[in-house]
Every structure is written in structure tokens, then in C-alpha cells.
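Asks: This is the structure I want to talk about, given as C-alpha cells.
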Amino acid sequence: MGIASLALLVGLAFSSLIAATYAGNFYQDFDLTWGGNRPKIFKGGQLLSLSLDIVSGSGFQSKKEYLFGRIDMQLKLVPGNSAGTVTAYYLSSQGPTHDEIDFEFLGNVSGDPYVLHTNVFTQGKGNREQQFYLWFDPSKNFHTYSIIWKPQHIIFLVDNTPIRVFKNAGKVGVPFPKSQPMRIYSSLWNADDWATRGGLVKTDWSKAPFTAYYRNFNVIDSKSSNSFSEWQTNELDAPSRRRLRWVQKYFMIYNYCTDLKRFPRGAPAECRRSF
């Protein structure tokens with residue numbers, strides 16, 4: 001077994017241990033915001049589902065806003081033929097100059113993998129997409145998707161394995177989300193005009209309703225005193241850096257930083273390592 005594979009297994013084992021300690025409650029922490037009776041909360045606030053049918057999708061948002069912290073949520077995505085559907089899970093502020101940190105899961109036909117789409121918006125500007133395949137079927141079991149948001153950088157994690165780091169490149173004039181508190185949002189919606197193979201594969205409404213499930217929400221924010229101050233000092237350790245390189249080598253399928261057709265004059269400033 002290679003070093004990267006061993007590091008990945010250690011990370012997955014660690015993530016399964018910490019999942020048992022999560023204590024969020026959907027009744028207390030979130031509002032069901034749209035979709036009529038399609039979003040539901042079960043098991044005393046421990047489980048939430050979103051559904052999509054031909055009439056409407058559904059969504060929820062956090063009651064609180066957060067400025068820096070770590071957000072964890074376990075999701076089990078739409079199984080089977082999920083083509084045309086998008087399950088979005090993200091942080092966002094409001095307004096034309098909003099900040100946003102995105103996970104979006106783009107559905108696919110049965111047997112083909114989900115595409116995990118990530119993006120970062122600063123002051124209303126996005127276009128910082130990185131996309132990945134996952135190394136497991138995200139519809140068979142719950143998996144943990146995390147955002148670590150610090151003044152220095154944003155880290156996207158899957159089962160405690162880092163897949164993307166967006167560094168604060170303020171020194172070279174790139175805005176970074178650092179002053180606008182953000183809420184947590186999630187939605188399940190139809191995007192068959194673009195989501196699967198650029199819109200070539202449409203949603204099969206005979207398979208509706210499509211349902212995704214959520215559990216084990218947890219947040220550590222700047223108001224969590226001791227736990228936040230301890231966590232904020234930690235950077236990616238050597239095994240985490242190896243796992244990040246492993247994911248980006250074998251599972252990344254798109255990186256805006258290397259898209260020369262899109263940026264013929266050179267990569268955006270935040271993609272360069274000089275800062």
C-alpha cells in the first residue's frame with residue numbers, strides 16, 4: 001500500500017470517529033425555506049431530507065450567520081438516475097457583492113459518477129471552479145462534507161480528506177471572504193439545462209421524487225472560544241497535504257487555474273504561487 005493510500009485510510013478512519021460526536025439539531029439550527037412540504041425533518045431533529053419533483057425542488061438555510069469557522073454536514077445524495085439534478089450545499093452572504101463558498105453535486109445517469117463542483121465567490125465574483133469525481137458512491141451511504149474558513153484560506157474536505165485549498169491572495173489584489181458573515185444553505189433543484197454533460201442529458205421525471213438526506217451537522221465558529229482558538233492554529237499537516245495531492249492528481253477533472261482557453265493571457269492571480 002502506498003503512502004498516499006495509507007494516509008487516506010487514516011483520514012477516513014478519523015472522520016468516522018469524529019462523526020459520532022456531532023450534536024447539531026435541524027429544528028434548532030435551520031429553517032425550511034422553500035418547496036412546500038418537500039423538505040422534512042425527522043428523528044427529533046437529527047435527520048433532514050430535501051425532495052425534487054416536476055413541480056418544485058426544496059431548500060433550507062441556517063438560522064445563524066457565521067464569520068470564519070468549520071462547518072461539517074453529512075449527506076446521502078439522490079440514488080440511481082440523478083441526471084439533471086443538483087444538490088447544493090454552501091455558505092453565502094447576501095447582496096450584489098456577496099461572498100459564497102460552494103459544494104454542488106451534479107447528478108448523472110445510473111452507473112456514472114456524480115461530479116462534485118466547487119466554487120468561491122468574493123464580492124460577487126465567482127468563476128473559480130474546480131470539479132472532482134469522488135472515490136465512492138455518495139448515494140449509498142452518508143459522507144461528511146466540510147468547509148474550513150479561516151482568514152488565511154478556505155479548505156474543502158470530504159470525509160476529512162482535503163480536496164481543495166483557496167488561499168487568501170489579498171497581497172496580490174484578489175478579494176477574499178473576510179468581512180461578510182454567511183449563512184449555510186442547501187437546496188435540491190432541477191438544472192437539466194446544464195448539470196449533466198452540459199445539458200445533453202435531461203431529468204427523467206418518471207424517477208421522481210428525487211430525495212437527498214442530511215444528518216450530523218456541526219459547526220465550530222469564532223464564538224466557540226477555546227475549541228476555535230485551538231483549531232485556528234492548525235494548518236494542513238504532512239499526511240493531509242499528501243491526501244490533497246492524491247485527490248487532485250487522480251480525481252480532479254477541471255481546474256480553472258489551468259484552463260488556457262478561458263484565460264489565454266494567463267492564470268488568475270490567486271492561482272500563482274508567488275504570494
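Backbone N, Cα and C atoms are what each Cβ position is placed from, and that goes for glycine too.
Copied straight from TrEMBL:
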type     : residues : note
SIGNAL   : 1-23     : signal peptide
DOMAIN   : 20-214   : domain 'GH16'
ACT_SITE : GLU100   : active site, nucleophile
ACT_SITE : GLU104   : active site, proton donor
CARBOHYD : ASN108   : N-linked glycosylation site
Asks: Roughly how many angstrom lie between the C-alpha atoms of ASN108 (N-linked glycosylation site) and GLU100 (active site, nucleophile)?
Replies: 25
Asks: Just jot down the residues in the same chain as GLU100 (active site, nucleophile), at least 6 apart in sequence, with C-beta under 8 A of its C-beta; none if empty.
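Replies: Same-chain residues close to GLU100 (active site, nucleophile) (Cβ under 8 Å, separated by 6 or more) are TYR90, LEU91, SER92, SER93, ASN119, VAL120, PHE121, GLY126, PRO177, MET182.
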Asks: Determine the Cβ neighbour count for ASN108 (N-linked glycosylation site): the number of other Cβ atoms within 10 Å of its Cβ.
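Replies: If we count other Cβ atoms within 10 Å of ASN108 (N-linked glycosylation site), we arrive at 19.
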